[in-house]
Structure formats: C-alpha cells, structure tokens
Amino acid sequence: MTVATQNLTALDVGLAWRNSFAQLGKSFYTPLAPWPLPAPYWVGRSTSTARELGLSESWLDSPELLQVLTGNQPMAGTQPLASVYSGHQFGQWAGQLGDGRAILLGETGGLEVQLKGSGLTPYSRMGDGRAVLRSSIREFLCSEAMQGLGIATSRALCVVGSDAPIRRETVETAAVVTRVAPSFIRFGHFEHFSHHDQHAQLKVLADYVIDRFYPECRASDKFAGNPYAALLEAVSERTAALVAQWQAVGFCHGVLNTDNMSILGLTIDYGPFQFLDAFNPGHVCNHSDQEGRYAFDKQPNIAYWNLFCLGQALLPLIGEQELAIAALESYKTVFPAAFERLMFAKLGLLDASDSTATVDRALLQDILQLLAREQVDYTIFWRRLSHCGVATDAQTVRDLFVDRSAADAWLLRYSERLEHIPQGLAADLMLKTNPKFVLRNYLGEQAIQAAKLKDFSQVETLLMLLESPFEEHPGFDKYADFPPDWASSIEISCSS
C-alpha cells in the first residue's frame with residue numbers, strides 16, 4: 001500500500017525502536033505505513049504516558065512529533081504493520097478480522113506504540129480505516145482514567161484531530177489516537193491460527209507470548225511441564241482480576257468480543273463503554289447491543305465464555321481437554337475472591353477475615369440490593385460513604401435514598417461493624433478505593449462538543465482530574481456531581 005510519506009526523511013525522536021512482533025513472520029501481519037492525516041492539530045496529550053515511553057516533554061510539544069504520529073512523516077527505527085486476527089463477535093464466529101484501522105509502529109522501552117485511525121489496511125473490510133474525533137477523545141480519556149483508577153489498561157499518549165471529513169451516521173471529522181501497551185495481542189490472534197489449522201503459527205505465537213510475558217509458565221509444576229495449559233491459567237487469572245476491578249468501580253465495557261480481549265489481561269478497545277451513573281446491574285451501555293449480551297452484570301460470565309474460546313484455540317497445543325478445563329477453573333476461583341476483596345475495601349473493612357465473613361458478606365449483598373432497588377448513583381454513594389465515619393453525621397448518605405428507614409437500618413449495622421476498626425483507618429482506605437471522579441458519559445460528551453469548536457480545555461481538565469481520581473481537587477466539584485437529566489439520553493454505539 002503506497003502512501004505519500006514513503007520518500008520523506010525519517011524523523012528521530014530519541015526513542016530506541018524494535019518490533020519483536022514483526023519477527024514472527026509474514027503470516028501474522030502485513031507491513032504498511034500509516035496514511036497521512038491532513039492538517040493535524042493537537043487535541044490532548046498525556047505527559048504521564050510520555051514519561052512511560054521515555055519521550056521528553058519537549059518532543060511531546062513539538063510539531064515534528066505531530067507529523068510522525070499522523071502518518072505525515074515516518075519515524076526513524078519503526079517497522080509499521082497491521083496484524084491479522086479473527087474472533088467471536090456478539091457470540092458468533094466473525095471470521096477474519098485484524099487491525100482494520102490501526103498500525104503498530106513497533107516497541108520502545110518494552111511498550112508497543114500503535115496508531116488508531118491511521119488509514120486502510122488489508123483487514124479494513126468495509127471500513128474506511130479512519131477514526132472520528134468523538135470516539136478518539138473518549139478512548140484517550142478513558143485509557144488514562146483507568147490508569148488513574150489502578151485498573152490494568154492500554155494507555156494513550158495523545159489524540160490528534162483533523163478537519164478531514166469522515167462519514168458515519170453523519171459527517172464527522174477524523175482523528176488518530178496513539179495507543180501504548182506492552183502488547184496488543186488479543187484472544188482473536190490465537191483463534192485465527194487455530195481456526196485455520198495453522199498449528200505451527202499458533203505455537204510460534206504462544207511461545208512468543210510465553211517467553212515475553214509469561215516465562216513462569218515454562219516451569220509450571222501444576223501442569224506437568226505443559227506451558228500452554230499454564231498460559232491459559234495465567235491469562236484466566238489476569239482476566240478474572242481485571243473483570244473484578246471493572247465490576248467494583250462500575251465500568252461497563254460494552255463490546256466484549258473475543259477480539260477485544262487482551263492476552264495480558266488489559267482493558268483495551270474503548271468504544272461504547274460507560275461508568276455507571278445510577279446503579280442498575282442490568283445496564284446495557286452499547287446502543288448496538290440490542291439483546292443485552294454485554295450488560296454490566298453479564299461481564300463476568302462473558303469474560304469466562306471468551307476464555308473458553310481461547311482455551312479451544314489453544315487446545316491443539318495443550319493436547320488434553322481436561323488440562324484446558326482445569327486451567328479455566330482458576331477464573332471461577334480468582335474472580336469472586338478478587339471482587340469480594342475489592343468490595344470489602346470499598347466498605348473500609350480492612351480487617352475482613354473468615355471470622356467476619358458472614359457479617360461482611362451480608363452487609364455487601366444488602367447494600368448492593370438497596371442501591372439497585374433505589375437506583376442510587378454508584379460513584380457518589382461510595383464516595384459519600386467514605387466520608388461517613390462512626391461518629392460522623394450520615395445525612396449525606398441518607399439523602400441518596402427514598403427509603404430512609406432501609407438506609408438507616410443498613411447504616412446502623414455498618415457503623416456497628418466499623419466499631420471494630422480503629423477510627424480513621426477505614427476512611428483512609430475508602431478514600432483511596434472509592435474515586436471522586438470517573439469519566440461519566442456526559443462529561444465526555446461536553447468535552448467532545450467543545451473540542452469540535454477547537455476548545456480543548458475540557459479535555460485537559462478531565463485528563464487532570466481523571467489521572468488522580470481519588471484526590472479532592474477543590475474547585476472542581478461540579479465534575480463529581482450528579483449527571484444532568486439530559487445525560488440519560490446519550491446513546492453510545494459501536495460507531496467510531
């Protein structure tokens with residue numbers, strides 16, 4: 001695929017590049033350069049991600065970097081490529097997919113750098129290879145928000161806009177997000193080679209992932225020297241821990257297809273996601289998900305289903321189905337334990353133990369049922385509860401409920417439980433566990449509308465708050481307030 005940058009001098013931005021994925025062989029990818037994005041301009045930049053890459057702030061502010069991250073000038077040392085994968089989408093085999101609008105530049109400092117929205121690839125299918133400003137801002141902000149929350153995630157270095165028109169449901173404008181992760185390998189990469197009976201390539205891919213990210217699988221005693229069963233177990237455990245974090249913070253991914261599942265247990269592919277406003281366990285955030293397959297409360301089971309698909313893909317290497325089943329069982333152990341631990345921390349129960357388990361579980365189950373019945377704002381409840389000690393007026397928490405008697409009864413039981421914990425310690429734990437700020441849909445929408453008018457101040461403000469969501473940030477309380485009535489009318493779909 002020919003692009004206009006092929007004869008330009010490559011720019012050196014001071015990063016040492018390699019591309020170990022490119023060494024796997026041509027079966028895994030197509031080499032190609034990103035398409036130029038006309039007249040690009042900065043929309044948002046993460047200095048935190050830049051530091052992770054070893055990229056100086058002077059480069060992050062430079063017009064030269066703007067050009068290389070939008071395909072207008074090649075970057076010295078990179079080996080750009082688009083990878084092929086397959087997968088299950090909404091429960092059905094979708095066949096060959098692949099990086100339809102993302103180009104992997106390579107890796108630097110152990111981190112892969114990928115440009116999303118960088119033009120057509122052989123895997124674009126019916127797409128145009130571009131991403132729009134709207135979805136790019138959402139991905140940029142949510143990547144950094146999840147990092148701030150301590151949830152495993154891909155990162156975003158920057159989002160760059162252009163006035164180039166892009167047609168979706170309406171005509172929008174183009175953008176490119178620079179994404180960063182140790183690897184962007186998905187369950188779907190394994191499914192692709194397994195489905196096509198390319199077992200040699202499947203083994204090459206599995207060995208690459210094990211040697212680079214899971215070397216302990218080579219010495220697994222549990223699976224009698226079978227590193228592929230050990231890999232499945234390790235991925236299952238990481239995925240379980242990740243989904244537990246999602247459920248605890250109230251994050252709904254929206255499109256948990258197998259090609260959107262990271263082999264490293266990272267949150268990737270931010271599309272029609274949402275942080276819950278009112279606590280509705282059955283909430284469906286993706287307007288395209290008509291049957292509610294990816295509802296909030298279904299995420300744990302869907303993740304297991306996706307892991308089962310990964311297990312099937314790895315079966316030619318694992319050999320025995322019993323070993324694969326045993327490896328998957330770890331998910332059923334790790335997820336509930338991790339979720340319970342996180343929820344006890346949200347309650348400030350730092351002394352939770354077997355002796356308190358019955359009381360603690362009842363407290364947790366009862367408050368979740370009450371929150372759901374009353375449709376209480378999930379983030380605000382937990383943050384207010386964090387400020388509600390034994391000797392503190394609980395009125396701000398009571399005000400969230402219509403059924404005050406039910407709230408009072410629960411708060412009494414809760415305060416009695418906290419009497420066994422040194423005063424102040426529970427609140428300290430809770431304030432570090434229950435964020436004040438999350439990326440609510442309406443906040444993202446306000447930033448997007450301002451950015452369309454070339455006002456990027458809302459993007460900058462949200463980035464600042466979301467990078468440290470547990471801090472109070474005096475003067476910014478409006479960003480932690482209840483969503484306005486119009487927020488419920490926002491519809492987010494797979495269109496991006």
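Cβ atoms are placed via backbone N, Cα and C, with glycine included.
Under DSSP, D259 (active site, proton acceptor) is assigned to a helix (H, G or I) in the three-state scheme. Residue density at D259 (active site, proton acceptor): 22 other Cβ atoms are found within 10 A of its Cβ, drawing on all protein chains shown. The active site, proton acceptor annotation in Swiss-Prot covers D259.
Sequence-distant neighbours of G98 (ATP binding site): residues of the same chain at least 6 apart with a C-beta under 8 Å from its C-beta are A82, S83, V84, Y85, T121, P122, Y123. Under the three-state DSSP scheme, G98 (ATP binding site) falls in the coil class. Annotated ATP binding site per Swiss-Prot: G98, G100, R101, K116, D128, G129, R179, R186, D269, in sequence order, evidence recorded as sequence analysis.
Long-range C-beta contacts of D269 (ATP binding site), restricted to its own chain and to partners at least six residues apart, with a cutoff below 8 Å, comprise V255, N260. In three-state terms derived from DSSP, D269 (ATP binding site) belongs to neither a helical nor a strand segment and is classed as coil. Annotated Mg(2+) binding site per Swiss-Prot: N260, D269, in sequence order.
The C-beta environment of R101 (ATP binding site), restricted to residues of the same chain at least 6 apart in sequence and closer than 8 Å, consists of K116, G117, S118, G119, L120, T121, S124, G127, D128, G129, R130, A131. Counting Cβ atoms from all protein chains shown, R179 (ATP binding site) has 25 others lying within 10 Å of its own Cβ.
Compared over the binding-site residues D128, N260, the count of CB atoms lying within 10 A of a residue's CB peaks at N260.
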